[in-house]
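Feature list (source: TrEMBL):
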- 42-59: compositional bias 'Acidic residues' (COMPBIAS)
- 694-704: compositional bias 'Low complexity' (COMPBIAS)
- 915-971: domain 'CBS' (DOMAIN)
- 14-65: region 'Disordered' (REGION)
- 686-720: region 'Disordered' (REGION)
- 132-152: transmembrane segment (TRANSMEM)
- 185-205: transmembrane segment (TRANSMEM)
- 296-319: transmembrane segment (TRANSMEM)
- 331-350: transmembrane segment (TRANSMEM)
- 357-377: transmembrane segment (TRANSMEM)
- 383-402: transmembrane segment (TRANSMEM)
- 422-442: transmembrane segment (TRANSMEM)
- 497-514: transmembrane segment (TRANSMEM)
- 521-544: transmembrane segment (TRANSMEM)
- 556-579: transmembrane segment (TRANSMEM)
Amino acid sequence: MDVILQRTEMGDFLSSRDDWGRMGGRGGYVTRNPDWDGNKDGDDEDSDDHGDQDEEAGGDESSRLLLNGGGDGDLRNFQSANMANSVRKLRSSKVTSISTKFESLDYDILENDIYVKDQAKIDRKHYVRLEAARWLVMFFVGVLTAVVAFLIDYCLTQISSVKFGWISDSITRCVDDECLDQSVLLWMGIDIFLVSIACLLVLFVEPIAQGSGIPEIKCYLNGIKIPHVVRFKALLTKTVGVLFSVSGGLACGKEGPMIHTGSVIAAGISQGKSTTFNIDLNLFKAFRTDHEKRDFVSGGAAAGVSAAFGAPIGGVLFSLEEGASFWNQALTWRIFFCSMIASFTLNVLLSGTKGTSWGAMSSPGLVNFGAFASANYNLFELPIFIAMGAVAGLFGALFNALNHRLTVFRFKYIYHSKALRFLEVILVAAATVIVSFTLIYFDDNCLPLGEKPGENPLEFFCQEHTYNEIATMLFNTPEESIKNLFHATRGDYSPETLSIFFLVMFCLSCWTYGISVPAGVFVPALLTGAAYGRLVGNLLYHAFPDADWVDPGKYALIGAASMLGGIVRMTISLTVIVVEGTGNISYGLPLMLSIMAAKLVGDLFNEGIYDLHIHLRRVPILHWEAPLPMQHFHASHVMSSNVVCIQEFDRVGRIVELLRTTTHNAFPVVTDDGIQRWRQQLQQRGGAAGGLPLGASTMTSGSAGTAGGSSGVPRPSASSRMPNINLNASVMNFNMSTAGHMMGIDIVRAPAGGQLSTLGTSYGSTSSGNTGASGNDWGAFPPESQYHVNGAAPTTAGSTPNTASPSAVPLPPFLNLNVRGPYTGDSASLQHAPLVNEHSYGTLCGIILRSQLITILKERAFGPRVVNAQGEHSVQAKVLTVDDFRASYPRYPSIDTISTTAYENEQFMDLRPYLNPTPYTLKHAAPLSRVYRIFRGLGLRHLIITDRFNQVVGMITRKDLTRFEIVPNPRSGDGTRWILQERQMIDD
């Protein structure tokens, strides 16, 4: 039964007749969305990291249903559930789609022959120097990250001091002169000017610097190549931009962007060169790989956290919890060392500007929570802390939901225009000034000047020697306002003031996060949560005025941590960061309980803010754990079965054409030695006598060049495929030609007394008198009753089954992949083996990367192919070294820059020294959950899928794992069966 899908006016798709293939015993269903961009054949023309190619034009639309076998080489209990009465809508929402522009990083070490030989040259002295270089790089990363943090903080302090001084003098003067409109315009003009600089840097210098940068670094450490994320322009835009964003009065912070800043510094130093300035210092060449670079970026991210909060241990845990896909003990020590150096260096620098003298170590980070005079709490307060965390989780879920809708609106109407993005930033800055001034104007809560007014206390509309309560929070840097809320005396800040400030900061922070400026959400969340916690503490103080256990500052700390946890959903690292920031371990348990409560409650509604923005950007990220329903599916359900393969010895012309016509990053290298040996065995035993000549077949081999490469494995033409066949109707009743193609097999049937020819090989019949190809009519198929899957072969009346003859030739394993039972060993019984695995492209030899092939072409490492006296093949060409491949990292030249002559196109490449001979592989029947764990844990980019005889049958990349959404089967009442529904692939 065919699948009929219609496109509606809104871009949705209605399925009026669906075929659902059930995997026997597993309860998993698979459905694919139709072609999203209007292609007739229904294939996405995306750029995967592997050899996935479009199917042949004119193929059945039902090939978009995956009906791959779930077992190890047999067809197990396939059924067709007729769901013609159901109407299923497949929504084509870009928010839940996957972008094809994101590629994966090659974290897997390329252990080829030249790498092994290079490692063999390393003695103990060289190894010690290499380890020392790693520690040296981490040292400089920590120092430079601290220096950048110090410069940002120092410049921000100076700009804010001048700004607040001008505005304060203007308001003080205009209160008496009744010219407050001039003060508002001055305030607005200064803020708009400052944020305009930040916005213009993002729009015209480096757009990737927008936001905090944490989602981008999280994706990078997850194994995704985010364009420009660790380039020098990103560093410049981020550091300068966040300076003007925060000083411009926006509800944002500079601490989150420090994580991105540290990551860029680590990526630059570890490479010993700058591609932006075209400078190569010839240092650290051994670190010019994605694997090494990832480790240093992890250290840079940790150093950023350490510099921001003075929390070196929290920085290490942040890199582990939020980003890194790989971890070991040696890396932990180096990252901790880098974090400690960053905190120490920043402490030294800040001691001379904020401390009493140089060397007075009192400021380990940009955010200083201050020392709490009393760190006591009672056991009966723990439920209060947990309740506060639960409420903060609700607020965090609301914050994320509102920001998610706002960001979707921006993607749809604002982000496509630089002018609109700039106007939005101006609007947010102006609205922030208007709201702030309005709150100050109408607030009549005044406090005496002697009670911790903080910096820049404003009298405004208060009596002499008093200051405006809410102006103290609005007219200071966010870090100073947080400190005031933590350490103000009991009774300060009325509940009305705290309630208004909480709501205003909540809305402004939600609106600001996502506009086109470098801005973080850490400090606004802490400030909003501190106001919320202080409000709870003040209410308890008014309820129990004589209770000495009521400390509003303590509740402000719990509220700040839980609010941040409810928004970003960090747990371990956030707890340690706040504990280190307070310098007191006594609050460890209350903080942990409140943060865990915030996360658990928030997760009931949505994800963390960073994960939401990652999904909005359609990044194919892999989370820590595989979804539980994945165990119901196999690797064959998501693998791309049209794999572009190349051989160990391949022509230059074909490699060039392959690179120019595809964008795949890697190609399996195969050999047809197994096929050739079986052909020779067949000829020696006389199996080919009287049969078709070797290589003669009605199956076209041209399709193999487009879908399977030149692996020597031709694919059957459309005309040679079986028409509708009712095969064991009690087991399955659907179009076998289509299903066979979808399962990686083709249904072919030799006519009675003839030969079965496939894969360019002739199978002779010792029981038939027919010879040659003239006796074969491949268009006339026998009755359907002669076809079967399991059980004995059908026999006609009066006939006896054939028995094996002494000259019987075993069926090759790649032909017997999906057959059980009917083959008895003699060539005559090949009639009863109709299933052929046409998706086996040869025996796997290894895998080679696109960048390697381009480097080989660039260095002209090819030549004529020769055969020695022992029959061994080789190519007369120079052999490249590891340094030759690292020279162009990370920006390898494009294939368009490579030109070859007609003579060179006829030369050969010997890929054996360069291919990875031991890539990670899995069998096609491996559970999908296992595929996910291996892919995530090892940080893979490609996973080759083979059959049990090491024949290549498919490839899985990150996009294959993330482009399917597991949803419950709407026709299943018990909820035990699931559907793999394909997401939309966006080529943006």
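Positions of Cβ are set from backbone N, Cα and C atoms, glycine also.
Heads up, TrEMBL stuff is auto-annotated, nobody curated it.
Keep in mind the model is a prediction, meaning the values are calculated, not measured.
Long-range neighbours of the transmembrane segment (331-350) within the same chain, counting only residues 6 or more positions beyond its ends whose Cβ lies under 8 Å from a Cβ of the stretch, are 134-135, 138-139, 141-143, 145-147, 149-150, 153, 262, 266, 295, 298-300, 302-307, 310-313, 315-316, 319, 358-359, 361-366. Against the transmembrane segment (383-402), stretch 556-579 has more CB pairs under 8 A than any other of 132-152, 296-319, 357-377, 521-544, 556-579. Segment contact holds for the transmembrane segment (422-442) and the transmembrane segment (185-205), given three or more CB pairs below 8 angstroms at sequence separation of 6 or more.
Beyond the ends of the transmembrane segment (556-579), by six or more residues, the same chain brings 305, 309, 311, 313-314, 317-318, 320-322, 369, 372, 385, 388-389, 392-397, 399-400, 482, 485-486, 521-522, 525-537, 585, 587-588, 590-592, 594-599, 601-603, 607-611 to within a C-beta distance below 8 angstroms of the stretch.
Residues 211-212, 250-252, 395, 399, 402-403, 406-407, 410, 428, 431-432, 435, 439, 443, 445, 469-470, 473-474, 521, 524-525, 527-528, 531-532, 534-535, 538, 609, 613 of the same chain sit 6 or more residues outside the transmembrane segment (497-514) yet have a Cβ under 8 Å from a Cβ within it.
Counting residues per DSSP class in helix, strand and coil order gives 16 helix, 22 strand, 19 coil for the domain 'CBS' (915-971). Confidence in the domain 'CBS' (915-971), given as mean pLDDT, stands at 89.
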